[in-house]
Amino acid sequence: MKHTVDVLLAVKPLSRAKSRLRDGYPAPVGGHAGLVTAMVLDTVTAARRALGVGRVLVVTDDHALTQRLREHGVDFVDEGTATDLNAALRHGEQVLRDRGRGAVIVGALQADLPALRPTELGEALASAAGRRAYCADHHGVGTTLLIAAPGEPLDPRFGDASALAHAESGAVELTGSWPSLRRDVDTAEDLAAASALGLGEHTAAVYSPAR
Ligand SMILES: Nc1nc2c(ncn2[C@@H]2O[C@H](COP(=O)(O)OP(=O)(O)OP(=O)(O)O)[C@@H](O)[C@H]2O)c(=O)[nH]1
Ligand SMILES: C=C(OP(=O)(O)O)C(=O)O
């Protein structure tokens, strides 16, 4: 039976989010929080359109963000007692399993992929082929996607050098090209590179590349 992956995205409070992305580009419409929100919405929109994705659940305590998610019919959950990204993802994983019917395959997708193409995510999920797997970021150092093996815990190890950490945890590295899946946005340079790939509608509406 073809399995779908239930995808988690975690977002910290917008006031603290994307601290490396606070300057170096024209002021976005709606300010910093508006830009971060737009990137989340574009990432979620692409994930929902990707072949192989089941449910999408955003883990966040930010009220303004959850309001926008609600407007777009995106499911979300608070982060419980989590104090970091991995704990927030583990909390979201438990919520998915509690709600799930039958075997659940859980994945974690970074929430700052505003150029994400559904086809690239779908290809990455297919190439995991039921294995614990990860996709490294464009630097080859971080992780933009982690997929658990069916019925296995997600065991997220995001943070510094997370690609290596996930490899050491037994995850298989996914090696497709997938430039939009690997282009997470941490800095103004990343945002310009994502713009060159083609931004989703929400981020494109608030950001214009520096002329
Ligand atoms: N819910 C939740 N999400 C988190 C937490 N820490 C990080 N994240 C999210 O994890 C994703 C990847 O983290 P980073 O790329 O470091 O994002 P960031 O922390 O906003 O960026 P910087 O402030 O520049 O480090 C982002 O979407 C963050 O919002 C946390 O404690 N809780
Ligand atoms: C937390 C991560 O994201 P970033 O490196 O963008 O902070 C990660 O790649 O594990």
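Backbone N, Cα and C define each Cβ position, glycine as well.
If you look up TrEMBL, you'll see Thr143, Gly159, Ser162 marked as phosphoenolpyruvate binding site.
Each of the binding-site residues Thr143, Ser162 was scored by the other Cβ atoms within 10 Å of its Cβ; the lowest score goes to Ser162. DSSP assigns Gly159 (phosphoenolpyruvate binding site) to coil in the three-state reduction, placing it in neither a helix nor a strand.
Excluding the listed site residues Thr143, Gly159, Ser162, the same chain places Gly142, Pro156, Arg157, Phe158, Asp160, Ala161, Ala163, Ala165, His166 with Cβ atoms within 8 Å of the centre of the phosphoenolpyruvate site Cβ atoms. Put simply, the two farthest-apart Cα atoms among Thr143, Gly159, Ser162, the recorded binders of phosphoenolpyruvate, are 8 Å from each other. The 10 Å shell around the Cβ of Gly159 (phosphoenolpyruvate binding site) contains 12 further Cβ atoms across the protein chains shown.
For the recorded site, Thr143 (phosphoenolpyruvate binding site), the DSSP three-state label reads strand.
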